[in-house]
Amino acid sequence: MIRQLFKRKFNQFINRRGRETVPISFDWRRIYVLPSKPGIFFSIIWFLMMMAGLNFNNNMSLMLVFLLFGLAQVVLHRTFFNLKNLRLEQVKAKPVFLGEPVTLNIQIGADDEKWQIRTDNELSSDVNNITQQTAQLKLLVPSHKRGWQPVERIKFYTRYPLGLFTVWVYCTPDEFILIYPKPESPCPDFPHHGGREGEKPNLKRGDEISGVRDYRQGDPIRDIAWKKSAQGNQIWVKEFNQSQGKNLLFDYSQLSHGSTEFKVSRMTAWVLAAEQQQNEYQILLPEFDSGMAAGEAHKHHCLTALAEYQSGDKP
Amino acid sequence: MTRIKSQLSLKQLFWITFAVLLAVLPQAYRLPMWFLPMTALVVGYRFYAQINQLKRAYNRILIMVAIVALIMIIYSQGFGLSREISVTILITMTVLKLLETYAMRDALLVVMLCYFVTMTRFLYSQDLLLVLYLFGSAFVTTHALAVLNFQRNEKWFDRKQINSTAGSLALAIPFAVLFFLVFPRLGSPIWGSPDIFGEGKTGISDSMSPGSIIELFMDDSPAFRVTFKNDKKPTNNQLYWRGPVLWNFDGRTWSREKQNSTRKTIRQYQPEQVIDYQIELESTGQNYMFGLDYIVDAPKGAFLLPDSMLYAPVKINQLRHYELQSLLLDRFYSPLSDKNETLLLNFPEQQNLKTQALIETWQQDSADPIDIVNRALNHFNQEPFFYSYTPPALEGDVIDAFLFESKRGFCEHYASTFTIMMRMAGIPARVVTGYQGGVDNGDYLLVKQSDAHAWSEVYIQEEDSGYWLRVDPTSMVAPERVEMGSRQIMDQKRNIIDYEWLINFKESMDKYRYQWNQWVRDFNVSKQEALFRAIGIDHRDGKTLALMLAGILMMTILLSLIPIWWIKRKKYHDLQKIYLQLIHLFRKQEVLYGYRTQGIEKFVHKLITLYPNIEVQANHFLKLYLNARYSVNPSHNQQTLAQLNNSLQKIKSLLKEQHAL
């Protein structure tokens with residue numbers, strides 16, 4: 001209970017700066033310093049040495065002890081200065097599908113040389129040196145929700161030069177990463193609703209019924225083979241012939257069943273499949289029309305729209 | 001029980017091994033014989049395993065190896081929890097730890113242990129030359145830590161990183177010096193005593209057999225240093241430094257007689273006769289202390305045995321200082337008990353019959369002890385006796401053999417032979433060992449092991465009392481030994497590097513050693529208090545000390561901060577300087593000036609919203625700047641700089657036209 005409270009207060013304290021716009025420069029006020037594990041072991045050995053030296057008034061032992069104490073002081077400051085005035089210049093990430101980890105491309109910079117700047121979390125870690133003004137770090141973060149996911153708190157730390165002290169900073173850059181919806185897997189068949197007329201409307205959809213199959217969640221109502229379904233308990237759906245090079249229309253409003261997430265996920269899968277089969281395709285969302293096109297840019301356009309749909313405002 | 005592969009690079013292993021070797025090898029001389037081969041094996045195997053990427057040996061094998069090593073230590077050094085064995089175990093285990101140093105954690109452990117092992121060396125000796133070892137080992141160990149933490153490149157000796165480690169250590173020295181001076185010391189140890197650490201016996205021992213002193217002649221290391229007060233330094237032939245007095249002779253070896261009482265303090269003397277001096281005795285691992293004949297009274301922590309020998313109940317394993325007063329007496333009056341007289345007349349009667357016969361003829365001429373002493377001395381003087389460091393080995397009746405055959409020897413032979421001759425003549429006599437002479441080394445007199453000497457003391461009975469008389473038969477053969485010192489009679493080199501300049505060099509080195517002993521090795525509570533008093537702090541209570549320590553800590557932190565800050569101070573390069581100039585133009589406009597911390601892009605955008613008519617120039621400036629600074633191939637050459645400067649001037653002039661500034 002108290003631990004929880006303490007933890008919350010502590011997190012409040014280290015997050016007190018809120019979300020900051022990049023570039024962020026780390027001055028001394030926000031740098032934390034603590035001995036590392038090897039540092040604690042060093043101090044234990046040092047303490048034993050000091051006790052022995054003092055007890056026997058062995059002056060050369062004491063010289064070594066005090067030299068090591070001075071060394072620890074110097075190293076403490078050097079580690080501190082190795083992180084001071086570090087800049088977080090950029091945080092960029094390529095969009096990923098929900099569930100996949102996001103690779104953050106972090107650009108750090110400094111006016112002087114900085115060594116062994118590390119960052120890590122549960123998924124990955126990376127280390128780099130800044131010798132030419134800037135350097136790149138990569139960090140994997142989990143994707144939590146579709147849409148624009150805020151970048152979570154990042155920790156940069158260094159133990160250079162001796163590893164006796166850990167000096168670190170926390171920052172929460174005011175940056176967002178785009179998370180596409182998770183595509184439904186396996187990819188369902190393309191829908192057969194006519195929707196709006198495209199440029200080549202007759203090619204958009206196969207007209208001949210090729211067969212019937214089981215109803216799957218989300219199938220358009222008008223594809224249901226009512227006659228056949230009425231004969232038994234099962235619901236049957238008509239299947240239509242499809243041909244390559246068709247213009248496909250994916251209309252959100254034609255998807256009848258399932259949650260928003262489910263529909264968005266299915267449309268994502270269609271977009272990916274259509275792009276892969278080199279079809280032209282168009283998606284229709286409430287208040288969004290992608291237009292009929294194909295290609296990477298179009299795909300990104302469609303997926304972004306799907307990602308942003310009802311997922312909160314774009315920052 | 002997983003067998004892990006090495007996580008360390010060859011470079012890291014090299015530095016760890018270097019640190020371990022440097023930490024343990026200076027103690028190898030007092031470790032068991034098998035230690036060096038074991039170390040070589042361990043290091044060799046570890047590198048072989050590293051290069052061939054062998055996995056770590058099974059834990060049970062490593063445990064076996066450790067147990068075997070432990071048994072061997074007990075076998076070589078005995079069983080017990082003495083410091084000696086503890087240190088040996090620590091050192092051996094540190095070396096063996098290399099066998100299981102495959103992971104970073106073990107590597108860090110073994111490197112930090114090296115600091116501790118280095119320290120244990122100083123428990124045995126604190127010689128000036130060990131300072132080099134201190135810094136060398138501290139440097140290598142620290143660098144091993146640095147290499148474990150970070151490898152800039154694959155080069156084994158990376159100049160830049162080595163400089164960085166050396167720099168850190170150099171900056172640590174001011175801390176070390178200040179803390180050394182002011183860190184509160186303990187007046188007395190909490191546990192144990194430093195005297196338990198010794199480097200073994202050195203110097204004159206409590207027995208004398210043929211050849212025992214000759215080893216000392218070869219040794220130029222210091223035995224003790226003497227500072228005379230009031231500049232009252234006796235002449236060289238008066239400098240007889242009394243050590244163990246030997247009573248018993250078994251035909252070959254002289255040894256001490258155990259005594260359970262102490263000698264009385266000399267009470268009657270003229271104050272101006274007294275010689276006041278201080279002795280700094282190097283550790284001997286023995287109980288004997290040295291003083292000029294005859295010591296008035298025993299110093300603190302020692303007592304005078306009835307034969308005027310200075311004896312310390314605790315073995316001298318550390319540098320020891322003591323003050324003495326001596327009287328340069330020719331005759332030392334003292335009673336001699338009957339029991340002691342019989343002891344001092346004892347000699348192997350079945351041996352050395354030729355000598356006994358000679359003494360009998362002397363006794364027939366004159367029975368007076370003084371006459372016999374003089375006769376014996378004349379005998380050495382007039383017969384062809386020679387002083388020699390390389391006498392032939394004597395067998396059987398050694399006195400006869402020396403006196404009638406070889407006639408070549410050094411102090412040991414003369415003192416021993418003379419004493420036995422006196423006993424044969426019925427004069428109580430004993431051998432005194434110690435040092436004779438010394439080298440005047442400026443502020444002090446340096447007495448070296450090679451000044452070791454042996455002489456005789458005979459008891460002359462007078463009517464109501466008796467006195468001891470010092471007789472040095474060696475002076476009859478080689479008077480320059482006593483007049484000028486032991487070095488004058490070395491007619492040949494003692495060993496192949498026995499050069500005059502080397503001896504002189506060692507003597508001048510000893511001056512530094514003397515200062516070192518004064519200021520560092522012997523720094524203690526009382527010297528610290530004197531230092532505090534000198535800077536105006538009389539009370540050594542906890543509060544003052546805490547305040548002082550805090551002050552010193554602050555000072556030393558500043559001492560290290562300033563250089564680091566100086567090195568690390570912000571170096572704006574030329575590009576940024578131009579940008580700073582741009583910002584500086586708007587220093588009076590709070591809103592815009594506040595944007596400077598948000599980066600150049602935001603700043604310029606804000607600038608454009610405030611001054612729309614400089615949009616073109618401002619954007620041009622921004623583009624130039626970003627190109628020069630952040631492009632993949634930064635080309636901040638003179639041309640770009642000039643362009644940026646141009647752009648800046650244009651913005652300036654535009655703003656001036658508007659009277660915006």
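Sequential numbering from 1, following the chain as shown.
Every residue, even glycine, has its Cβ placed from backbone N, Cα and C.
Curation plays no part in TrEMBL annotations; they are all automatic predictions.
According to TrEMBL, the protein has these features:
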- B:12-28: transmembrane segment (TRANSMEM)
- B:58-75: transmembrane segment (TRANSMEM)
- B:106-124: transmembrane segment (TRANSMEM)
- B:130-150: transmembrane segment (TRANSMEM)
- B:162-183: transmembrane segment (TRANSMEM)
- B:403-475: domain 'Transglutaminase-like' (DOMAIN)
- B:545-567: transmembrane segment (TRANSMEM)
Tertiary contacts of the transmembrane segment (B:162-183), as residues 6+ beyond its ends and Cβ separation under 8 Å: 135, 138-139, 142-143, 146, 520, 523, 528, 531-532, 548-549, 552, 555-556, 559-560, 563-564
Local confidence of the domain 'Transglutaminase-like' (B:403-475) - pLDDT mean: 89
Intrachain neighbours beyond the transmembrane segment (B:58-75), with Cβ under 8 angstroms and 6 or more residues off its ends: 1, 3, 32, 34, 38, 85, 88-89, 92-93, 96, 99-100
Long-range Cβ neighbours of the transmembrane segment (B:130-150) (under 8 Å; 6 or more residues past either end): 8, 11-12, 15-16, 18-19, 22-23, 26, 104, 107-108, 111-112, 114-115, 118, 121-122, 161-162, 164-166, 168-169
